[in-house]
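Participant: For reference, Swiss-Prot lists these features for the protein:
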COMPBIAS  98-108  compositional bias 'Low complexity'
DISULFID  Cys24-Cys66  disulfide bond
DISULFID  Cys49-Cys75  disulfide bond
DISULFID  Cys51-Cys77  disulfide bond
DISULFID  Cys120-Cys163  disulfide bond
DISULFID  Cys147-Cys179  disulfide bond
DOMAIN    22-79  domain 'Sushi 1'
DOMAIN    118-181  domain 'Sushi 2'
REGION    82-108  region 'Disordered'
REGION    191-215  region 'Disordered'
SIGNAL    1-21  signal peptide
TOPO_DOM  257-267  topological domain 'Cytoplasmic'
Amino acid sequence: MEPHLLMLGFLSFTIVPGCWAELCLYDPPEVPNATFKALSYKNGTILNCECKRGFRRLNELVYMACLGNSWSNNCQCTSNSHDNSREQVTPQPEGQKEQQTTDTQKSTQSVYQENLAGHCREPPPWRHEDTKRIYHFVEGQIVLYTCIQGYKALQRGPAISICKTVCGEIRWTHPQLTCVDEKEHHQFLASEESQGSRNSFPESEASCPTPNTDFSQLTEATTTMETFVFTKEYQVAVASCIFLLLSILLLSGFTWQHRWRKSRRTI
């Protein structure tokens, strides 16, 4: 069974055999002068089959997915030109193919024998692959950040980012890492030591709005609305009473005038 990608409104899901994984809609956060890398990929992760310029995907293989401990499909690129005889690989005998596949599998198993259940290692490169790989991570994925050459790390916490549910939505946590020039490292280090851990606090507590604030705002709005409604109803009631009183007085006046004229005619 092949994995499929399902887009439903603003939510993205990956459907793989025996797995329903929600995708992280955004890429991991960028840290200046640092790069990130996943040491392993969770079950359901998707990698686009991208080819470098002048080449295209072969057999319409759009992506490969992490299923269990291995990647489904194999990305292949072929030349866009009609004369691509040099890019064609001479077919090998079936026995030689099987032997080569077996050797490759043994080599892969020996290197990645510590694979975690439900995780895949970095997929092997393919010919004419694009320089940048585009992954679609799933919830629970962890990426590790490292400073580029010429920079050193200043960190108050783990230099990792995790795709997880925060405040009811899936997002990446921000890595506690700052990369500074090696020549200025000692200056920043002294500043960091003076600050200590004053600014360190869990992201879940810092990012989520306080429920009490929303409740107080809602209560205030409700009270204001009730006051407005009460004032308007009061004005309507007063106006109705005045109108009724004037009607009674006017009716009484007409009645008295009618009786007075009648009594005068009798006399």
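Keep in mind that glycine also has a Cβ here, set from the backbone N, Cα and C atoms.
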Participant: Residue list, the topological domain 'Cytoplasmic' (257-267) vs rest of chain: Cβ under 8 Å, 6 or more residues beyond ends.
Facilitator: none
Participant: Mean pLDDT over the domain 'Sushi 1' (22-79): what is the value?
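Facilitator: The predicted confidence over the domain 'Sushi 1' (22-79), as a mean pLDDT, is 90.
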Participant: Provide, as an integer number of angstrom, the distance between the C-alpha atoms of Cys163 (disulfide bond) and Cys75 (disulfide bond).
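Facilitator: With distance taken Cα to Cα, Cys75 (disulfide bond) is 26 Å from Cys163 (disulfide bond).
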Participant: Spatially, which candidate from the disulfide-bonded residues Cys66, Cys75, Cys120, Cys179 is nearest to Cys51 (disulfide bond), comparing Cα atoms?
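Facilitator: For Cys51 (disulfide bond), the closest Cα among Cys66, Cys75, Cys120, Cys179 is found at Cys75.
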Participant: Of the disulfide-bonded residues listed here (Cys49, Cys77, Cys120, Cys179), which is spatially closest to Cys66 (disulfide bond) when Cα positions are compared?
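Facilitator: The answer is Cys120.
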Participant: Sequence gap of 6 or more, C-beta under 8 Å: which same-chain residues meet both conditions with respect to Cys120 (disulfide bond)?
Facilitator: Ser40, Tyr41, Asn43, Thr45, Cys66, Gly68, Asn69, Ser70, Trp71
Participant: Per DSSP, how many helix, strand and coil residues does the domain 'Sushi 2' (118-181) have?
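Facilitator: Here the numbers are 0 helix, 31 strand, 33 coil.
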Participant: Between the disulfide-bonded residues Cys24, Cys147, Cys179, which lies closest to Cys75 (disulfide bond), Cα to Cα?
Facilitator: Cys24
Participant: Rank aside, I only need the closest one: which of the disulfide-bonded residues Cys24, Cys49, Cys77 has its C-alpha nearest to that of Cys179 (disulfide bond)?
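Facilitator: Considering only the listed disulfide-bonded residues, the nearest one is Cys24.
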Participant: Could you state the whole-number distance in Å separating the C-alpha atoms of Cys147 (disulfide bond) and Cys49 (disulfide bond)?
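Facilitator: Counting only the Cα atoms, the answer is 28 Å.
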Participant: By DSSP assignment, list the helix, strand and coil residue numbers for the domain 'Sushi 1' (22-79), in that order.
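Facilitator: Helix/strand/coil tally for the domain 'Sushi 1' (22-79): 0 helix, 25 strand, 33 coil.
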Participant: Pop the Cα-Cα gap between Cys77 (disulfide bond) and Cys24 (disulfide bond) into the table, whole Å please.
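Facilitator: Cys24 (disulfide bond) and Cys77 (disulfide bond) have their Cα atoms 27 Å apart.
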Participant: For the topological domain 'Cytoplasmic' (257-267), how many residues does DSSP put in helix, in strand and in coil?
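Facilitator: Secondary-structure composition of the topological domain 'Cytoplasmic' (257-267): 10 helix, 0 strand, 1 coil.
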Participant: Taking the Cβ of Cys179 (disulfide bond) as the centre, count every other Cβ atom within 10 Å, in any protein chain shown.
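Facilitator: Excluding its own Cβ, the number within 10 Å is 23.
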